[in-house]
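I have placed the structure first, in the form of structure tokens, so that the comments after it can refer back to it.
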Amino acid sequence: MTRLTLIWGVLLLAGIFLADIYADPAPSNTTHTPLTTTLHAPSNTTTKSTPVPSTTTSHTPSNTTTKSTPVPSTTTSHTPSNTTTHPAPHTTPVLPTKPSPPSTGNYIVKNANETCIIANMGLELQLENSSKGKWYFNVNPKDTYRNGTCSAFRANLFLKFPEGSINFVFVKESKMYYIDEVSVNFSWNSTERWNGTARKLKLLSTDIGYSVKCKNTPTVNLAENLQLVIADVQLQAFDLHEGVFGKEIVCYPDRKKLLVPVGIALAAVGLVLIILLVILLTRRRRNSGYERI
């Protein structure tokens, strides 16, 4: 019995000892608990911080874009409409109301290789508008296209510019040539139009083979509201040798203007001579009277 008791006592102690050994893993459960807590804490923090910037980013650009877009659209729509409506008054016809010297152009007409017309001249149109006001238009040689035809006794010089055209007809008759006809077509801003023709002018009549030079050409009346001024002109038609001007002849209007002051000077000299002659005669009569006494 004593042995059995000892054996049971040893077995009981061994069981208690083994039970204590297998009971040690309990602290491992305690260590797992903080691990799960640590893993859940950062996961919750991450999910909460992410939606905050996403909501901020989506609302901010959408509001900025929708508010800024209509501002330039309204600005660009009004700006061109104002630009297209305002230039209209600036295109109304406004021509000079005072004359000015026109630029001199060089106009040549050739028949094959032979020159039949050379004209150096400035051209000015005097226009009466619908309001009975006076306008002046100078033809710009740089914007003028020239053309013409030549025959034995008739030639023409046609000048075309953006606002209209001028045509000169030259006639050769016996030993003379001259401008026989001038016609003009002119329009300004499609609101005012002028047309006129002058025939049988015999303007700037000159000997064949000579050029005519004129500073004060008479104004050509083409219509009641249209006149043409030919300024500082030197021209020649027919019988041009080697395409150059012949000997110059001063036109009659210039000669007439020169004769007027010459005539006045001669009249003044004659008047002075007459006065001196009268004075001398009166003195002689007085002297002869004293001698008789």
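Placed from the backbone N, Cα and C atoms, the Cβ positions cover glycine too.
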With reference to TrEMBL, specify which of the listed residues C150, C251 is paired with C214 by a disulfide.
C251
Neighbourhood of C214 (disulfide bond) by C-beta distance under 8 A, where only residues 6 or more apart in the same chain count
L204, I230, V233, Q234, V250, C251, P253, D254
Neighbour count (Cβ, 10 Å) for C251 (disulfide bond)
22
